[in-house]
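Read the structure below first, then the notes.
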Amino acid sequence: MASKRSAKSKGLGLSTKAANSPSSSTTSSSMQFLETSVDGLSSPASSSARSKTPYSFSESVPLDAKENVAVTVRFRPLNPREIRQGEEIAWYADGETVVRNEYNPSLAYAYDRVFGPTTTTRQVYDVAAQHIISGAMEGINGTIFAYGVTSSGKTHTMHGDQRSPGIIPLAVKDAFSIIQETPNREFLLRVSYLEIYNEVVNDLLNPAGQNLRIREDAQGTFVEGIKEEVVLSPAHALSLIAAGEEHRHVGSTNFNLLSSRSHTIFSLTIESSPCGKNNEGEAVTLSQLNLIDLAGSESSRAETTGMRRREGSYINKSLLTLGTVISKLTEGRASHIPYRDSKLTRLLQSSLSGHGRISLICTVTPSSSNAEETHNTLKFAHRTKHIEIQAAQNTIIDEKSLIKKYQHEIQCLKEELEQMKRGIVSVQPKETGEVDFVLLKQKLEDGQVKLQSRLEEEEEAKAALLGRIQRLTKLILVSTKAPHTTRFSNRPGPRRRHSFGEEELAYLPYKRRDLISDDENPDMHVNLEGNTETADDSFKEEKKTKKHGLLNWLKIRKRDTGLSALSGTSDKSCGAKSVSTPSTPQAETVNNLESRHSHSLPAQSSPADLISVAREDKEFYEDSLLGQETPLVSIKSIDEIDLLREQQKILSEEVALHSSALKRLSQEAARNPQKYQIHSLTELMTQLNEKSFELEVKTADNHIIQEQLNQKIHECESLQETIGSLKQQLADALELRNFSPHHFSVTKDYHGEPHLDKESAMITNTNEKILLQEQASEIEGMKQKLAELLESKEQLELRNQKLAEESSYAKGLASAAAVELKALSEEVAKLMNQNERLSAELAAPKNSPAQLRNSGTGTVRNARRESHVRRNDHQGGSNSDIKRELASSKERELSYESALLDRDHKEAELQRRIEESKQREAYLENELANMWVLVAKLKKSQGADTDV
Ligand SMILES: Nc1ncnc2c1ncn2[C@@H]1O[C@H](COP(=O)(O)OP(=O)(O)OP(=O)(O)O)[C@@H](O)[C@H]1O
């Protein structure tokens with residue numbers, strides 16, 4: 001527990017560092033706020049908000065110290081596009097713990113650790129993830145998130161590429177290394193992989209598992225019907241991720257050519273118990289490790305349309321809810337926490353509410369164009385730091401755990417086997433301890449005879465039992481090292497670093513995604529300082545010869561073609577990948593455990609059945625990942641058969657050897673009782689038992705191998721049959737082709753039906769004729785179908801092109817209409833202002849005659865009144881003056897009236913134009929919608945064509 005007690009410092013050991021960081025003297029309010037959080041005093045995650053744990057633990061032992069969420073920030077280098085656009089550095093890593101704003105140096109945030117753009121993912125893993133993984137292996141739930149705006153490097157951090165594996169492969173590898181270095185415990189690992197796409201939960205390990213429901217029971221939230229698979233090796237787990245990645249939603253946006261359009265959660269459930277027979281009643285630890293690659297939030301600057309916009313709004317909404325939940329958790333008073341507002345927060349309820357360790361890795365870009373988004377990410381990270389957690393070690397004492405179930409079953413089977421064995425050899429020492437060698441000899445001989453005969457009878461049953469034990473044992477992972485006396489918590493010190501085998505990372509893109517997408521400058525890597533790093537020659541050489549990773553291929557394959565066309569970038573790897581379709585071993589390696597409520601194995605399908613195909617051979621995955629084709633299969637089968645035959649031979653020899661050894665032993669015992677007197681009877685018995693057990697095991701193995709051999713022979717036979725029938729078909733077809741030009745020709749009658757000419761009718765009998773006619777018509781029909789298909793494909797392509805053109809035209813029209821509309825509305829606003837002013841002017845004299853007198857200008861009536869007043873005032877004025885005045889006022893009146901009319905006209909005209917543009921806009925929208933429908937239909941029909 002010592003290691004756990006120091007969990008906080010072990011977590012990252014950076015709390016004090018943050019406080020002592022250069023920025024701690026900063027006076028900005030954000031810094032002051034932060035320093036409080038770094039001290040871990042102001043994180044009042046309300047206990048009422050904490051949900052139940054995902055499993056019903058008999059015991060949940062809280063660790064001594066409370067911890068905060070480990071928050072780290074990772075900068076990515078400026079990408080070639082940003083460099084080309086001359087973008088500047090807006091935020092930078094100031095030391096190991098501070099992020100500072102370039103333009104406003106007092107604006108700075110401190111975190112547990114800040115990684116600069118040259119940091120490797122391995123370094124990030126060591127600081128931000130390793131302690132979560134080792135905690136999970138000890139029974140403490142753990143969650144690692146990557147959060148950040150689109151294209152900031154979340155997937156790069158979580159998945160990585162083959163040159164730089166991400167947190168997920170590193171964590172998987174580390175988990176298995178920990179098992180290897182913990183010889184005194186047995187482990188059982190199972191994984192699930194899901195995505196939340198447009199607020200729908202999909203099972204990435206099971207394509208049929210779409211739109212799964214999140215349920216809640218006494219134990220917390222869970223996804224109903226999600227598939228969990230028991231994993232046996234890192235390669236096995238990574239192959240499952242690869243299979244899952246095939247189904248993940250990825251698309252191109254104008255910020256990222258391969259943007260993740262969904263949040264993914266990769267969960268590793270770990271059960272462990274002490275090794276050995278006497279672990280009955282010993283507690284099993286159970287924990288869950290969630291590795292989450294969030295989709296990136298999208299700024300309003302993203303010029304997305306249709307589907308992408310819809311996805312973006314779902315992504316933003318769920319991330320907003322995540323932000324709200326985190327704010328509420330740190331508010332310091334028990335308020336309602338809206339976990340239910342999004343699927344993401346609902347699924348993460350247990351983790352977020354403080355049960356288990358959390359590590360948040362915020363990925364950011366330093367570029368000035370994203371300064372605002374980066375600031376938002378930094379604020380989010382800052383808030384999250386305040387969540388307080390109380391990690392606990394989860395233990396189950398009952399038999400509910402899967403590992404217990406398996407252990408129990410193995411024990412029962414072993415006992416059954418032992419009983420069988422005892423039924424055959426029942427030599428017991430005399431209770432008095434005296435050695436009766438004559439009796440012993442007799443019994444040995446009897447036993448041997450019995451053993452021989454019973455062995456044959458019970459061979460089958462035992463073989464099945466042994467096979468089952470072996471397979472079950474395979475599922476429980478144990479270290480290959482000798483067990484030692486250390487307790488679980490005192491695992492040996494730092495672990496050896498394991499490098500990845502090629503096949504294990506085959507699913508990852510071979511190189512960074514920006515390099516894949518940047519067609520202008522494929523090998524350029526630009527770091528924060530703006531230095532250009534060119535990939536070394538060997539890498540280039542390798543690049544030529546190696547295939548792209550599975551993930552890469554899959555993501556590219558799934559990309560929306562229409563949008564990639566709009567973005568104007570082509571993908572070189574796309575074509576290359578479409579040549580060889582990688583397959584995943586999913587279908588064959590399934591140890592299905594449907595949902596956490598279905599861990600108990602169904603009566604009719606024993607665990608042995610479930611795992612019968614769970615072969616963890618490295619070769620197997622390699623083969624599966626490389627997607628070998630049928631001809632190779634038969635060659636492989638033949639090889640395997642040979643191998644099995646060899647093994648069988650060896651085993652038979654061993655059986656014979658052991659039988660003769662047994663015989664010799666018993667004979668010797670009979671001949672030379674003195675010698676055996678030296679040994680104690682128990683020793684002899686043990687030897688005998690061991691030998692007979694070995695013999696049984698070998699026989700069982702032999703039996704299994706024989707079965708496998710038979711199976712392979714069957715397979716081979718069926719393959720040969722298929723080959724034969726194919727050969728026959730080919731020969732027939734060739735014959736037909738060779739035959740037709742010389743002996744008959746297929747012509748069409750007036751109904752358009754193909755038939756044979758007279759010559760052929762003469763040389764073939766009626767049956768042949770019918771057959772040939774049928775075949776000919778079939779060929780003709782297929783040709784026609786092909787031609788039709790080609791034609792419809794062409795038509796579809798044309799239509800597609802036309803639609804794309806129309807769509808871009810419509811887009812142009814829509815933007816022109818929008819500009820026009822804007823101009824019109826400005827004009828309308830102007831006119832309305834003018835109108836208002838005029839009305840005010842008109843209304844003023846009406847309402848206040850006094851004003852009229854003062855103003856001396858105004859409406860006609862005002863003018864009349866004015867003149868009248870003047871007349872009264874200047875009675876002595878000449879008539880001509882008055883007349884002139886009257887005339888001028890009339891003129892003025894007329895001009896006002898005409899201005900008013902003019903204005904009315906203009907207003908009516910504008911109104912009409914507004915109406916028109918509104919109609920046009922509606923029409924265009926309608927057209928656009930129709931076009932999208934057509935595009936969708938087109939895609940569907942294209943898909944159907946491809947299937948055909
Ligand atoms: N630390 C880094 N070093 C080098 N390249 C990086 C780094 N982080 C990201 N990149 C590159 O930047 C590009 C975008 O990264 P990535 O796809 O991981 O972003 P993202 O945040 O997952 O985006 P989205 O949310 O759209 O899926 C990729 O080409 C990736 O290779």
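Numbers run from 1 along the shown chain.
Even glycines carry a Cβ here, placed using N, Cα and C.
All annotation found in TrEMBL is predicted automatically rather than curated by experts.
Over in TrEMBL, the protein carries these features:
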type	residues	note
REGION	1-58	region 'Disordered'
COMPBIAS	21-30	compositional bias 'Low complexity'
COMPBIAS	42-51	compositional bias 'Low complexity'
DOMAIN	68-387	domain 'Kinesin motor'
BINDING	Gly148, Val149, Thr150, Ser151, Ser152, Gly153, Lys154, Thr155	ATP binding site
COILED	389-475	coiled coil
REGION	518-543	region 'Disordered'
COMPBIAS	565-593	compositional bias 'Polar residues'
REGION	565-608	region 'Disordered'
COILED	709-736	coiled coil
REGION	840-890	region 'Disordered'
COMPBIAS	848-860	compositional bias 'Polar residues'
COMPBIAS	863-874	compositional bias 'Basic and acidic residues'
COMPBIAS	881-890	compositional bias 'Basic and acidic residues'
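When the binding-site residues Val149, Gly153, Lys154, Thr155 are checked against ligand 1, Gly153, Lys154, Thr155 have a Cβ within less than 6 Å of one of its atoms. Looking only at the domain 'Kinesin motor' (68-387), the predicted model's pLDDT averages out at 87. Cβ neighbour count within 10 Å across all protein chains ranks Ser151 highest among the binding-site residues Thr150, Ser151. For the compositional bias 'Basic and acidic residues' (881-890), residue counts in helix, strand and coil come to 10 helix, 0 strand, 0 coil, using DSSP.
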